[in-house]
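Structure record follows, encoded as structure tokens.
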Amino acid sequence: MTALKLYNSLTRAKDAFAPIDPRDVRMYVCGPTVYDRAHIGNARPVIVFDLLFRLLRHVYGESHVAYVRNITDVDDKINARAAERGITIRQLTDETAKGFHEDVAALGCLRPTAEPRATEFICRGAGELDMVKLVERLIERGHAYEADGHVLFDVASMPAYGRLARRTLDEMEAGARVEVASYKKGPMDFVLWKPSKADEPAWDSPWGRGRPGWHLECSAMSAALLGEVFDIHGGGIDLIFPHHENEIAQSTCCFGTETMANVWLHNGFLQVEGEKMSKSLGNFVTIRDVLADWPGDIARLAMFSAHYRQPINWTLKSLQEAERTLGQWFDAAAEGAEPRPAPGVVDALADDLNTPRMIAEIHRLKAEGGRKALAGTLGFLGFRPDVFEDWRAARAPKAGLPREEIERLIDARIEARREKNFAEADRIRDELLAGGVVLKDGAAGTSWEVAR
Ligand code: AMP
Ligand code: ZN
């Protein structure tokens, strides 16, 4: 079996990966809060963990990987946006979740094995784990307290708090912009449950009608769907503190476990043309904006150009380069091959998802003329020749030739050159040029591109 190594934020080391159950892997990734279109920074964890999902399925078998990515559909930003637009919360969250699914499907991402909505895990039937029961247990075990209609997690009750973020309570208190509230025992104590006003969504609870705090949902959904302790937990680096630290606090104190997940993976941040993306800077790019100009496959490859833990600079240049690279790969790949990664690509990915090395491996495959291995690898990675071709065809000059005809002519030209019939070879080259196709003869054979 492939030896997989992953950089674990908990140990700060690249560790050999071994699932708790040797035959089945369980992974949880924090998903979107559905109040607005996802931006291209949000696409990074989706694409990175899709790649890991594909690798795990390759190593452990398709039916042996559970991948849960939640949908946060209870949040004050959602309430505010629905009110602003004059639609119901459900209309807003349904519409936004649908748009998110369209966006990430266009980026070549598989659906996770489960996509629970937070609102479905607040109050469930007897015997079913939910957020209310989790809070009850935390109170029983002395890790949470009720104050002024709220329930708060008592950070001082947990000596290991801060282990993931590697910060002491004193450091956190000094650095954090925490909400000061008279009912809190300690300044870092965070909300598990809060009361709702009449116009806010509310669920019945032992502490009155209210709604859960954000961190609670991931503890409840991951435990309900993956168990009290599971293998991999992922998200962007900004989630380490406080979100993931608080998830760990809730889960381990509720279940009396040592840890919540064994391996914590965090992707680095995406910047746009070298600057932090923000609405005020006017460089805020949604996934939809990117897809208006580029096929999802090109955006996907551009996302792989940096290692997932490093920051990535999202630039026009990187998209243009991905376009060129992917075009060359598809032109050199066989058609109709089964999705299957070449061993060198698996090795690169098994090394903490080393995508720059993966790209170098694919270039090598192409240079070696492994047309089938190349096609199989691209298919495994979620690249779709038809999507790319449709886009390229739409941009092709009007007199453009169909792809099959181009390939037939290229083969005929190779044959003519083999027979030293250079006049015929040149005639074919001119015929292709008239059709808007430029040939490039290289060491690895002949490739082509559309004349601009
Ligand atoms: P949010 O909706 O802000 O909770 O973000 C959803 C996911 O996107 C989380 O995993 C974040 O860490 C991640 N994320 C948000 N902004 C960026 C960014 N600029 N670059 C990379 N990941 C991001
Ligand atoms: Zn989470």
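Cβ atoms are placed via backbone N, Cα and C, with glycine included.
Unlike curated entries, TrEMBL annotations are predicted automatically.
As recorded in TrEMBL:
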- 17-323: domain 'tRNA synthetases class I catalytic' (DOMAIN)
- C30, C218, H243, E247: Zn(2+) binding site (BINDING)
- 32-42: motif ''HIGH' region' (MOTIF)
- 276-280: motif ''KMSKS' region' (MOTIF)
- K279: ATP binding site (BINDING)
- 404-448: domain 'Cysteinyl-tRNA ligase anticodon binding' (DOMAIN)
Pop the Cα-Cα gap between the residue listed as 'ATP binding site' and C30 (Zn(2+) binding site) into the table, whole Å please. 23
Helix, strand or coil at E247 (Zn(2+) binding site), per DSSP? helix
Under a threshold of 6 Å between Cβ and any atom of ligand 1, which of the binding-site residues C30, H243, E247, K279 are retained? C30
Could you measure between the residue listed as 'ATP binding site' and H243 (Zn(2+) binding site) for me? Cα positions, answer in whole angstrom. 23
Please work out which residue of H243, K279 has the most C-beta neighbours within 10 angstroms of its C-beta, and give that one of the binding-site residues. H243
Might you list, by sequence position, any residue in that chain lying six or more from E247 (Zn(2+) binding site) with a Cβ less than 8 Å away from its Cβ? H215, C218, S219, S222, H233, M260
Which of these binding-site residues has the least crowded Cβ, counting other Cβ atoms within 10 Å: C30, C218? C30
Around ligand 2, within a Cβ distance of under 6 Å, which of the binding-site residues C30, C218, K279 show up? C30, C218
Taking every residue in the motif ''KMSKS' region' (276-280), the average pLDDT works out to 88
Could you break down the residues of the motif ''KMSKS' region' (276-280) into DSSP helix, strand and coil, giving a count for each? 0 helix, 1 strand, 4 coil
